[in-house]
Amino acid sequence: MATRTRRRISPGIGFVAPFCLFFLLFFIVPIGYALYQSLFRTERTGLYGELGTRQVFAGFGNYAKVFAEGAFVQSVLRVLGYAVVQVPVMIVLATVLALLLDAASARGVRFFRSAFFLPYGVPGVVASILWGFLYTPGISPLVSIGGHLGLTLDFLGPNTVLWSIANIVTWQFAGYNMLVIIAQLKAVPGDLLEAARIDGANAWQAVWHIKLPLIRPAIVLTTVFTIIGSLQLFTEPLVLQPLTANVTSTYTPNIAAYADAFSNNNYNYAAAEAVLLALIAAVLSFGFLRLVGGRRRG
């Protein structure tokens, strides 16, 4: 009996082992190494540091310093405020686009599906450069047209640059989220929709009472992805940084950690920032999953 059980398990282990190996090497090990580095600080030895550097155990000293200095905390609060607005906008837009393309009366579905998804294929750096051109006064056709209409458009101002970044992210990733939701919509049984139509339900009632409840898993999945992506905001503000003084070296948590690691050569401090950001992302993601799971059971 035991031999037969082992024979059944062995092929499964062979299929799962490559994933487990890559997960260990490229996820668990980097997190463990970052956590280890965050517990140390680098000190120079010798009167003028001429004898090199050494690693000194600091415990939670780097974490205390992160909270004491406050710049990282401000960057976290900034991306949290960004996420409160950007995540609902992204998910609602992706859901609406998916429902429109799934409608029975929709025309040109293949064209529009490809057109909406196309921005996702544009690298983030290229997309940010493109939009940076459209945002910069003097060379932007949008700013020029606004000026002719008597409007003063300042896309890179202190109160607008964050939402200009949100526009880039939404433009790039809404199509991807839309495609995930469309895939779930294709799994909705046609019999349910036909039965609803026979019972007198209109298109809106079918969407609200049948489609939306059945695509809930896809909406939850894309919401979690968007929450994590919002906290990891990096490429777009970094590319726009040379265009405006309003994007500083501590504008987002990832930019702050990047600057501390590669500009200030303070890898241990940057590791502490990275660990804190990972914890915040994990808490928000699992908290959201717990919230929607509890509502579903209720």
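Residue positions begin at 1 at the first shown residue.
Every residue gets a Cβ built from N, Cα and C, even glycine.
These figures come from a predicted structure and were not determined experimentally.
Feature annotation from TrEMBL assigns domain 'ABC transmembrane type-1' to 76-288.
Look at TrEMBL and you will find 12-36 (among others) tagged as transmembrane segment. Remote same-chain residues near the transmembrane segment (12-36) are listed as 271, 274-275, 278 (criterion: CB distance under 8 Å, separation of at least six residues from the stretch ends).
Positions annotated as transmembrane segment by TrEMBL: 79-103 (among others).
Sequence annotations record features per position, and here TrEMBL assigns transmembrane segment to 115-134 (among others).
According to TrEMBL, the transmembrane segment annotation covers 161-183 (among others).
Long-range contacts of the transmembrane segment (214-234) within the same chain: residues 79-80, 82-83, 86-87, 90-91, 94-95, 98, 165, 169, 173, 177, 180-181, 183-185, 187-188, 252-255, 258, 277, 280-281, 284-285, 288-289, 292, 296, each at least 6 residues beyond the stretch ends and with a Cβ under 8 Å from a Cβ of the stretch. Feature annotation from TrEMBL assigns transmembrane segment to 214-234 (among others).
Annotated transmembrane segment per TrEMBL: 269-292 (among others), in sequence order. Residues 31, 34-35, 37-38, 41, 62-63, 65-66, 72, 76, 216, 220, 223-224, 227-228, 231-232, 253-254, 256-258, 260-261 of the same chain sit 6 or more residues outside the transmembrane segment (269-292) yet have a Cβ under 8 Å from a Cβ within it.
Long-range contacts of the transmembrane segment (79-103) within its own chain (CB-CB distance under 8 A, at least 6 residues past either end) are made by residues 109, 112-113, 116, 162-163, 165-166, 169-170, 173-175, 177-182, 185-186, 203, 207, 211-212, 215, 219, 222-223, 226-227, 230-231, 233, 252-253.
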